[in-house]
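Heads up: the structure comes next, in C-alpha cells.
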Amino acid sequence: MLKGKTAVITGGSRGIGKAIAIKLAEMGANIVVNYRSSSIDEVLTEIKAFGVNAIGVQCDISNSEDADKLIKTAFAEFGSVDILVNNAGITKDGLIMRMKDQDFDSVINTNLKGTFNTIRSASSIMMKQRSGKIVNLTSVVGITGNAGQANYAASKAGVIGLTKSVARELASRGITCNAVAPGFIETDMTGALSDKVKEATLNTIPLKKLGTTEDVANLVGFLASDLSNYITGQVINVDGGMVM
Ligand code: NDP
C-alpha cells in the first residue's frame, strides 16, 4: 500500500515511534528512523525484514539545523519525502509553581518546535512533489489539560494548532496534515508512573485497558496511506474512549 514511498519517523528508536516505523515498513514504505541517543540497530533489522530499505539518522529535532539535515538526508537517500511522522516527544512533569524554566523550555522545544522544524524542512519538498502526508503525535492532555503537565499539555495543544494551520496552508498542494492523540499507551514514558496512578487512570478509560503501541501505529498507517486522502486538519484520539 505504501510501496516506493519514503517515510520519516522522528523518535523511532522505541515505544510508539518504533511501532509506527515497523507498521509503515510492513505497508511497504522505505523508512528513515530518527532517534536521539538510543541504539537502533535492532529496529533497523526488524524493519528490513519486510524487504524495504531503512536508515537511521541520529539528531536532536529541537535543533532546526539538525532537523533540516534529517529531512535532506532522507531526500538524498530515497529521492522523496512522502510521509513525515512527528513522534519524538518528552515529558518533564512538575507542579507549575515549582516548574523550572529549563523543564518548560526543553519540553516545548522538543515537542512543539521540533515538530515545526521538520515540517518546515519537509514542506518545500512536499510542495514540489504536490503530495505528502504529515502526521503529528499530540496527546489527549493537549485537549483536556493535566495537573502537573503544564509544559507538556501546552506543547501538545500547540501541536494541534500547528497541525490545523499546516493543513490549511498546504492543502492546495495535495498535502494532508493530521494529529493523532493517544490516551494512555504502555511505553517507557508511562512505565515511569506509579501503580496507583495507573490504576486511577484505568478507571477513566471506558474500554478498561491501556492502549498498545500497535493501536497507535494502526491509525498512523491509515493516515499515511491513500485511504485517508479526504481527511486533513483533524485530531483523532486513540484512547479507549477516555476523552469524548
Ligand atoms: P518514549 O519515551 O518511549 O520514546 C520517545 C522517543 O522520542 C525516543 O525514540 C527518543 O529517542 C525520541 N526523542 C526524544 N527527544 C528527542 C529529540 N530531541 N530528538 C530526537 N528524538 C527524540 O515515548 P512514547 O513512545 O511513549 O511517545 C511517543 C509520542 O507519543 C510522544 O510524542 C508522546 O508525547 C506521545 N504520547 C504518548 C503517550 C503514551 O501514553 N505513551 C500518550 C500521549 C502521547 P531516544 O530513544 O534516542 O531517547
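Heads up, residue numbers simply count up from 1 along the chain you see.
Cβ from N, Cα, C; glycine included.
Summarising the annotation, TrEMBL assigns active site, proton acceptor to Tyr152. If you look up TrEMBL, you'll see Gly11, Gly12, Ser13, Arg14, Asn87, Tyr152, Ala153, Ala154, Ser155, Lys156, Ile185 marked as NADP(+) binding site. Annotation source TrEMBL lists domain 'Ketoreductase' at 5-188.
Listed recorded positions: Gly11, Ser13, Asn87, Tyr152, Ala153, Ser155. Those with a CB atom under 6 Å from ligand 1: Gly11, Ser13, Asn87.
The distance from the Cα of Ile185 (NADP(+) binding site) to the Cα of the residue listed as 'active site, proton acceptor' comes to 16 Å. Under DSSP, Ser13 (NADP(+) binding site) is assigned to coil, being neither helix nor strand in the three-state scheme. Within 10 Å of the Cβ of the residue listed as 'active site, proton acceptor' there are 23 other Cβ atoms, across all protein chains. Across the annotated binding residues for NADP(+) (Gly11, Gly12, Ser13, Arg14, Asn87, Tyr152, Ala153, Ala154, Ser155, Lys156, Ile185), the two most widely spaced Cα atoms sit 25 Å apart. Looking at Ser13, Asn87, Ser155, the binding-site residues in this record, the fewest other C-beta atoms within 10 angstroms of the C-beta turn up around Ser13. Sequence-distant neighbours of Gly11 (NADP(+) binding site) (same chain, six or more apart, CB under 8 Å from its CB) are Gly17, Asn34, Tyr35, Arg36, Ile61, Asn87, Ala88, Gly89, listed in sequence order. Each residue contributes its Cα atom, and for Tyr152 (active site, proton acceptor) and Ser13 (NADP(+) binding site) those atoms are 21 Å apart.
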